[in-house]
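A.B. asks: Below is the structure I would like to discuss, written out as structure tokens.
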Amino acid sequence: MASSMRSLFSDHSRYVESFRRFLDNSTEHQCMQEFMDKELPGIIARIGDAKSEIKILSIGGGAGEIDLQILSKVQVQYPGVHINNEVVEPSAEQITKYKELVAKTSNLENIKFAWHKETSSEYQNRIMEKKELQKWDFIHMIQMLYYVEDIPATLKFFHSLLANNAKILIILVSGTSGWDKLWKKYGSRLPRDDLCQYVTSSHLTQMLDNLGIKYECYDLLSTMDITDCFIDGNENGDLLWDFLTETCNFNTTAPPDLKAEIMKDLQEPEFSVKKEGKVLFNNSLSFIVVEA
């Protein structure tokens with residue numbers, strides 16, 4: 001029966017829907033918002049010093065919600081300064097949503113947007129071929145390094161694009177999160193997809209150390225309400241199962257013993273906390289700020 005399990009990424013629309021359920025049931029975006037409000041102003045305080053234009057590169061910008069939060073902080077720091085914001089995003093669907101969001105958002109007059117429908121490695125190859133490396137003042141890679149084949153090479157490449165006083169902000173799951181435990185214990189028993197790697201902040205800081213790149217790391221607690229996963233036949237629970245295991249229709253295709261084992265573990269303290277009748281999975285995030 002295990003052979004009927006297939007990767008969630010093989011069904012794009014189901015992946016998009018399960019990701020939407022994840023955002024609806026987690027504090028992922030609230031956690032990022034908190035970081036943008038408290039920490040980001042200090043981080044970007046000097047990126048635009050003595051510059052007539054601030055160049056920002058968004059790698060895997062998605063539908064743009066977090067990008068626009070970042071841009072508003074840069075605007076506050078450098079009022080009236082022209083901002084050139086380029087977005088690299090492989091999903092046409094997400095780019096359309098991003099453009100719609102920009103169209104209905106006010107106060108973006110001094111920002112010029114450009115979108116490139118490509119992966120970060122396609123972007124990297126295109127730039128390398130052009131041989132003219134544009135320098136950037138701020139690069140951010142939010143929850144996207146899982147989809148990169150060669151992470152150290154990617155880090156090295158984008159680090160080489162940093163201008164004076166520039167920074168890279170990387171957000172991904174923390175090495176202390178439930179994801180780390182889940183992937184370590186069950187990764188080999190779930191359908192693997194070449195498109196996705198199990199990587200946490202622990203792996204990433206190790207890679208940066210090996211490359212001799214300076215960085216700072218901030219950890220923020222985030223949770224995902226997985227209570228519905230324990231209710232049989234619950235549609236929301238089914239989609240959250242898919243997201244947790246990166247498996248299409250996990251609930252109906254997984255071997256019963258595997259499902260029972262994961263179900264039991266997800267209620268253990270190293271994966272989740274139980275609060276007011278809810279099961280809250282540890283979705284803690286790491287915010288890694290890389291210096292030029």
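Cβ atoms are placed via backbone N, Cα and C, with glycine included.
From TrEMBL, here are the annotated features:
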BINDING   E28, N283  substrate binding site
BINDING   G60, E89, Q94, S120, I142  S-adenosyl-L-methionine binding site
A.B. asks: Grab the S-adenosyl-L-methionine binding residues from the record (G60, E89, Q94, S120, I142) and give me their largest CA-CA distance in Å.
C.D. replies: 15
A.B. asks: Cα distance, E28 (substrate binding site) to G60 (S-adenosyl-L-methionine binding site), nearest Å?
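C.D. replies: For G60 (S-adenosyl-L-methionine binding site) versus E28 (substrate binding site), the Cα atoms are 16 Å apart.
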A.B. asks: Could you measure between S120 (S-adenosyl-L-methionine binding site) and E28 (substrate binding site) for me? Cα positions, answer in whole angstrom.
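C.D. replies: If we compare the Cα positions of S120 (S-adenosyl-L-methionine binding site) and E28 (substrate binding site), the gap is 23 Å.
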A.B. asks: Measure from the CA atom of N283 (substrate binding site) to the CA atom of I142 (S-adenosyl-L-methionine binding site) and give the result in Å, rounded to a whole number.
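C.D. replies: Distance (Cα to Cα, whole Å): 15 Å.
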A.B. asks: Give me the sequence-ordered set of same-chain residues, not including G60, E89, Q94, S120, I142, with a C-beta within 8 angstroms of the centroid of the S-adenosyl-L-methionine site's C-beta atoms.
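C.D. replies: The answer, listed by sequence position, is S58, I59, G61, G62, V87, V88, P90, S91, M141, M144.
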A.B. asks: Around E28 (substrate binding site), how many other C-beta atoms are within 10 angstroms of its C-beta?
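C.D. replies: The answer is 20.
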A.B. asks: Fewest other Cβ atoms within 10 Å: which of the binding-site residues Q94, N283 wins that one? Let me know.
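C.D. replies: Relative to the other binding-site residues in Q94, N283, Q94 has the fewest Cβ atoms within 10 Å.
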A.B. asks: How many other Cβ atoms sit within 10 Å of the Cβ of S120 (S-adenosyl-L-methionine binding site)?
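C.D. replies: Within a 10 Å radius of the Cβ of S120 (S-adenosyl-L-methionine binding site) lie 21 other Cβ atoms.
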A.B. asks: About how far apart, in whole Å, are the alpha carbons (Cα) of Q94 (S-adenosyl-L-methionine binding site) and E28 (substrate binding site)?
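C.D. replies: E28 (substrate binding site) has its Cα 18 Å from the Cα of Q94 (S-adenosyl-L-methionine binding site).
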A.B. asks: Between the Cα atoms of E28 (substrate binding site) and E89 (S-adenosyl-L-methionine binding site), find the distance and write it as a whole number of Å.
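C.D. replies: Rounded to the nearest whole number, the Cα-Cα distance is 20 Å.
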